[in-house]
Amino acid sequence: MKFATFADRAGTIDAEPADLEIVAHVRELLADAGDEIEIVARFAQGRVFPAWDSTTLDIGPSACYEAIARAAGTNVSSNDVEERLAEVGEIGDVAARYDFGGQQGLGAFTGGGTDDSGAGGGTGGNGTGGDLTVREVAETLADLAAAEGSGSHDRKVDLLFGLFNRCSSEEARYLARLVLSEMRIGVGEGTVRDAIAAAFDVPKERVERALQVSNDYGRVARIARDEGVDGLDAMELDVGRPVQAMLAQAGTVTDALEEWETAGVEWKYDGARVQLHYDPGDGETRVFSRNMEDVTDALPEVVEFADERLESPVILDGEVVAIDEDGSPLPFQEVLKRFRRKHDVAKAREDVSVRPVFFDCLHAGGEDLLEEPLTTRHDRLRSVLVDAVDETGSDAAAIDDEDIEGLSLLWRTDDPDEIESIDADALEAGHEGIMLKNPESTYSPGRRGKHWRKRKPDVETLDCVVTGAEWGEGRRATFLGTFELSVRAGEDLETVGKVATGITDEKLEELTDLLEPHIEAEEGQEVDLEPAVVFEVGYEEIQSSPTYSSGYALRFPRFQAVRPDKEPANADSIERLERLQGQ
Ligand SMILES: Nc1ncnc2c1ncn2[C@@H]1O[C@H](COP(=O)(O)OP(=O)(O)OP(=O)(O)O)[C@@H](O)[C@H]1O
């Protein structure tokens, strides 16, 4: 397909406000794309490379302005381009206002006419364009992306200049937008999916599945056209090509249990998402980020983990967590110091090390597992990881999940109290809290669906008086913990719950210093406290309950802060609790 035809169709789509009409235009575009259907499907979305491919053109706006200026003629500078852009606001409009091909005109005058890069020649001078094909554009942009090292800037500008020099105004408009990732003609992923289904008469859900496993709109379009539904259904995950990550919504324990009866519960690790692709056949281990960027070189620990522990091709989904010397998790900011690092990785590793924890398995034993329920996928994950532990040939089933390195534990429960204690353990171990997952759910790449919920952040907080506490145990024996919370009821205070979660050791030490002077009585580990200190606490829900003297109980209370500015007399009252419960 000529690039001029593509630009012309892109212009029609750009001017079309109605979504359905846009789908119809993209359908026609794909139907007419011939051999270049893969490229056209990508270009329409403003992509030069498939979605799974993290290659970038690696060309900044200023290099693009330079190329435009050169193609526009000797009397135009990059500054002029930038100034026009400031006036017009959009690079496509700027490029479309120049008359390209001036360099060829100049060449013709001096007897040259073309240059040997093929860039300035042909029939496309003086802004007429017309001979450039989408394939030439794609190939030139691939060469441009591949240019690296010294001289690469000039090479990139030369290649781009060559393309602009052969463009008409409309071609230049869409070339500039494509190069700067500003295509924006209203063609999203859903549009291309619907257009493929309509153009080649295949069901949308089958196109959707093929897109999920391949992350390649171009290939799916071609296979839908050439091989129909059977071809689409035969598409599989490829070890080495990233899959979009399944995402979570915020949600409460109560909602999760109501919907699923039994919830899968996991710790929510405070790190960065990683997808591990391991294939001993080609000796390749690749690690991808949540955005499908290749981060392998930045995370040698993950590669070593795979080399030491895995045996057959797998795709695992998990989180990489920064750890201190004892293996305890460090805050998220520490992972960031490692995650996309390109230089001095060994040095950075000395400062902060990371470890992977996997919670899902998308492919193992030659089988794609996306359609399997979470529990099956987790069992497969366990068996992939247990092999490494089980070198002695002992009974793999008897090995405790906790002893399997790299395995995130999955509890299945319908008991809110058990979930509360898993949440408390997660926080105590220095993690972010919990994830709730529907045990029956399949893996939906790229979806922020309702089958994965991260426990909702507390929206409301309460200011409660601390009226009691317990001495801790073991390492925490010298700290007060598990604080009893009360609210005002007229002149009195009535209990409403206990908070033990959300508090670091450092904070516990501070709270002990603050509360110890207010101890009125002690029995065993329990202490009564004179009402003096006010805590701000978050919670998930207020329930009517006989457990506490107020008649209410806070579900999942979490410590937020001490309120030194508040006296017990300014703490929240039972009336506020009643009002909040009614909301
Ligand atoms: N056990 C787990 N299961 C799934 N995701 C987990 C788990 N532990 C940690 N995570 C992280 O939590 C994220 C899930 O939340 P969400 O899908 O909303 O991603 P997010 O937008 O990056 O949110 P957040 O900033 O809360 O991590 C995952 O992307 C993953 O990085």
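The backbone N, Cα and C atoms fix where each Cβ goes, glycine too.
Unlike curated entries, TrEMBL annotations are predicted automatically.
Because the structure is a prediction, the values reported are computed rather than measured.
Marked as compositional bias 'Gly residues' by TrEMBL: 109-130. As annotated by TrEMBL, region 'Disordered' applies to 109-131. Per TrEMBL, ATP binding site is recorded for E266, R273, R290, E319, F359, R448, K454. Taken from TrEMBL, the feature domain 'ATP-dependent DNA ligase family profile' applies to 347-489.
Positions of the features from TrEMBL, shown on the structure.
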| residue | record | DSSP class |
| --- | --- | --- |
| E266 | ATP binding site | strand |
| R273 | ATP binding site | strand |
| R290 | ATP binding site | coil |
| E319 | ATP binding site | strand |
| F359 | ATP binding site | strand |
| R448 | ATP binding site | strand |
| K454 | ATP binding site | strand |
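Take the CB of R273 (ATP binding site) and look out to 10 A: across all protein chains shown you find 16 other CB atoms. Remark: of the binding-site residues R290, R448, K454, the most isolated position is R448 (fewest other Cβ atoms within 10 Å of its Cβ). Just so you know, the Cβ of F359 (ATP binding site) picks up 23 other Cβ atoms within 10 Å once every protein chain is counted. Mean model confidence of the domain 'ATP-dependent DNA ligase family profile' (347-489) amounts to 90 (pLDDT, 0 to 100 scale). For E319 (ATP binding site), the Cβ neighbour count at a 10 Å cut-off comes to 23, with all displayed protein chains included.
Under a cutoff of 8 A between CB atoms, and with a sequence separation of 6+ in the same chain, the neighbours of E266 (ATP binding site) are F359, S408, L409, L410, W411, I434, M435, K437.
Across E266, R273, R290, E319, F359, R448, K454, which the record gives as binding ATP, the greatest C-alpha separation is 19 Å.
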